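Listed in TrEMBL:
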BINDING   B:665, B:671, B:705, B:709  [4Fe-4S] cluster binding site
BINDING   B:709  siroheme binding site
DOMAIN    B:19-314  domain 'FAD/NAD(P)-binding'
DOMAIN    B:349-416  domain 'NADH-rubredoxin oxidoreductase C-terminal'
DOMAIN    B:449-496  domain 'BFD-like [2Fe-2S]-binding'
DOMAIN    B:585-648  domain 'Nitrite/Sulfite reductase ferredoxin-like'
DOMAIN    B:656-791  domain 'Nitrite/sulphite reductase 4Fe-4S'
Ligand code: SRM
Ligand SMILES: Cc1cc2nc3c(=O)[nH]c(=O)nc-3n(C[C@H](O)[C@H](O)[C@H](O)COP(=O)(O)OP(=O)(O)OC[C@H]3O[C@@H](n4cnc5c(N)ncnc54)[C@H](O)[C@@H]3O)c2cc1C
Ligand code: SF4
Ligand code: FES
């Protein structure tokens, strides 16, 4: 089953940062790197529940603010030995942010 | 007490066991017994031991600790398995050994093969082991003795448990001690007595303390460390007389005629082997009992000698290492386990902690021939002194004071006479890491190396096996060393060992941040030359392929904010979350709020406001911090602005790599000991330098007198008022993950000067320290003398510029809580998480 949500203007995410949204029941962190594109990961760090949307990102990975595990924006794989996090699809449609689960 | 070992009735069926008698129940006697038992000697011998101390066998080395610990309990109860006892009385019984504690052997009848005790006992032996050790040497001196056998009340030797206990009883009501003899034992005694609050004077006949182990320069470093600890040194003088009053010690007189009042004297002027027994029994003695390579008396094949009472090939040893080797050879020969075993002497390598200072010494102290090479390293600020002596390409001596981290490597080179690096200085530096890795090589794989992030040795090795090629790659993958940081050295060793010990030179070590291959000075030059004023501009211009790097953003943000206080481009995505919302993220995603409370001083009005805010916002916990202020913990992100507004207090910057707190004590305002107005100076410092950002946290303290109640000596910058209206400025102290006493940068005589030098030091630190390098690493890296030259004496002529740049930073200060009452970026204070229940910070 796939859920798709229109989440409002892309501009609500400052360039280079991430913000958290609720898509259905799923908390999703969406990132808007300076290098372009939009990326969505489950918003909760699989390590100890840290808020990934508050993490620093460089377009390649996001670094959880609690213990600095790093997760690839593209597919959620952990680069630092913790579990992977679910990755979702985020796109911009007519200036609007769209996230699809599943 | 006496009982002659009885033969069992079953004599006819089992062959009679041979009778082994040991005289002397000290460290080497007991060790010889253990070695003999380990080789099955328990079946072969009926063993009897005589010791004239009324105890089981104890660890003499620990007497220093017994003395320092005031632990009467350690010695009261010898049945308890107190640490000092090596073998409890049970051990003798369990091994079928007959122990006669408190009996002194006065003669050996070698023809009858019996030993005679001072209790009248006569004990036959087939094999005899002499392990009578040494005793304190008391130089002939007026006032030393009360009678032929009793010392004057208040005079002590330092050799036995009884010596230590009687000293402990004496220090309770006596205040000043003179220690005669500044060798190892004297310094240990001095440190022990100091721990009881006794003022201690060490008298030593030459300028060189511990002259048996150390040469002049090394000794000088040790001396200044001990003096820092408040020990008084009288060097190059001798004691000529012990002064007494009513039969007790009242002082000492020196050979120059001057007197020093004291109520206690400890004589540590050397030791003398106990050889009287051997002499009267007709055994060859010189300085000690002369033995052959089988540890046998040269006169009698049935008498073995071990320990400090043995003289082998002209050497008499006074530390336990060689005695252990002797005991093993003796046991091999006596039990027949290896009848050909021979002792060939020991190369002395000693590692000691002398009065809290690490000292290691091996081989010769100084070059002896003109062709000997001598490598010397000295860092007096840190109290470190190291030398090595090399002859014909092999290490023949090394001395380390203050920092003995390379002792394992050196001992190995010394013992194995292995080839040395071409560049000799590597012996004191690089080689250490290669060899320490052989120490870490011994650690089991499941040893936890990083205690913050739970990374084991095995995890690090797995990283290397999976292709990581550098220390930084391994730490990036495991986060080892990224907690408190205290394990970084160990992590490096493990990884380097796993990489093949070659210690792969990791250029990334010198980068200011990992994502840009430049060290800090070069990076700053480039940034200035190209006028790069934002993090993204720096990446675009200087990173490989212009690529951003997540782990480099914070460091660059901090650097740019320092370099361009006026016109840095504020890219919020370059900041860590704490710096985006000016609060400290907690484990559940909420934040803590710490308002500034300069110098730790608050008011009823402020407290009332804090209480009101805590109540209104249902703050889960209100806590006093270790930084002398109040923390409101568990504030949701979206409530931060409201809490700040209600508090109406400035930010305490408890989140940033920035100037944090100035802890103070009450000082002259209230304290009866106060010598300076520490509270006011602390407030002034904090008001001026609040929020100044840098490479790492800056924590300060001001204490009103050397009692140091604000812990100034372990702060990044700490000020201590001293008599005469002066302030000592300590820098580079630490009491977090690392403990380090700060070094005195300068002593100044006004608040203005103290504030100015503090600012200048901090500015220099901001400009020159590596990212996340606290002052406790920075100060030793730069060297205290260098920092003093630049900052205090202005040898480079940059003091005015440093002051001006600091002033600019101070002038530009704005309170981030007030400034961010309006959101700076969309959703700056939006919740990032509350969407599912998570472990919450507990409410108390
Ligand atoms: C709140 C406080 C503990 C308390 O309840 O008392 C505290 C809390 C934290 N300390 Fe601390 N430290 C606190 C005083 C100290 C002190 C004592 C002091 O400041 O006098 C020290 C030793 C002094 C020093 O820094 O050398 C201290 C040494 C550390 C260290 C080790 C730093 C080091 O290099 O040795 C860390 C880890 C780090 O910086 O990477 C650390 C890190 C932390 C962090 C910020 C961990 C983090 O990154 O999130 C903690 C935040 C907890 C939280 O969730 O809010 N904290 N921490 C104290 C705040 C003081 C203040 O008013 O600002
Ligand atoms: C305070 C202190 C600190 C020290 N610290 C260190 C250190 O850090 N590192 C180090 O390597 N070494 C240290 N030493 C030295 C170390 O303790 C000695 O080298 C070691 O104890 C010598 O062992 P031993 O068996 O030869 O002599 P001892 O341990 O002195 O044992 C000899 C025993 O024989 C007994 N005895 C003597 N004559 C007779 C007799 N006729 N009949 C019966 N019994 C007799 C004595 O009473 C004594 O119990 C320290 C010594 C002291 C005092
Ligand atoms: S506050 Fe306590 S738990 Fe947190 S870093 Fe400091 S010592 Fe560790
Ligand atoms: S919770 Fe994210 S790294 Fe620990």
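Cβ coordinates are placed from backbone N, Cα and C, and glycine is handled just like the others.
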Under a threshold of 6 Å between Cβ and any atom of ligand 4, which of the binding-site residues B:665, B:671, B:705, B:709 are retained? none
Given the domain 'Nitrite/sulphite reductase 4Fe-4S' (B:656-791), which of the listed stretches B:19-314, B:349-416, B:449-496, B:585-648 has the most Cβ pairs that are under 8 Å apart from it? B:585-648
DSSP three-state assignment (helix, strand or coil) for residue B:705 ([4Fe-4S] cluster binding site): coil
So around the [4Fe-4S] cluster site, B:665, B:671, B:705, B:709 aside, which residues have their CB within 8 A of the centroid of those CB atoms? B:666, B:667, B:673, B:674, B:678, B:703, B:704, B:707, B:708, B:710
Between 0 and 100, where does the mean pLDDT of the domain 'NADH-rubredoxin oxidoreductase C-terminal' (B:349-416) sit? 83
For a quick check of packing: other C-beta atoms within 10 Å of the C-beta of residue B:671 ([4Fe-4S] cluster binding site), how many? 17
With every protein chain in view, what's the tally of Cβ atoms within 10 Å of the Cβ of residue B:709 ([4Fe-4S] cluster binding site), excluding that atom itself? 18
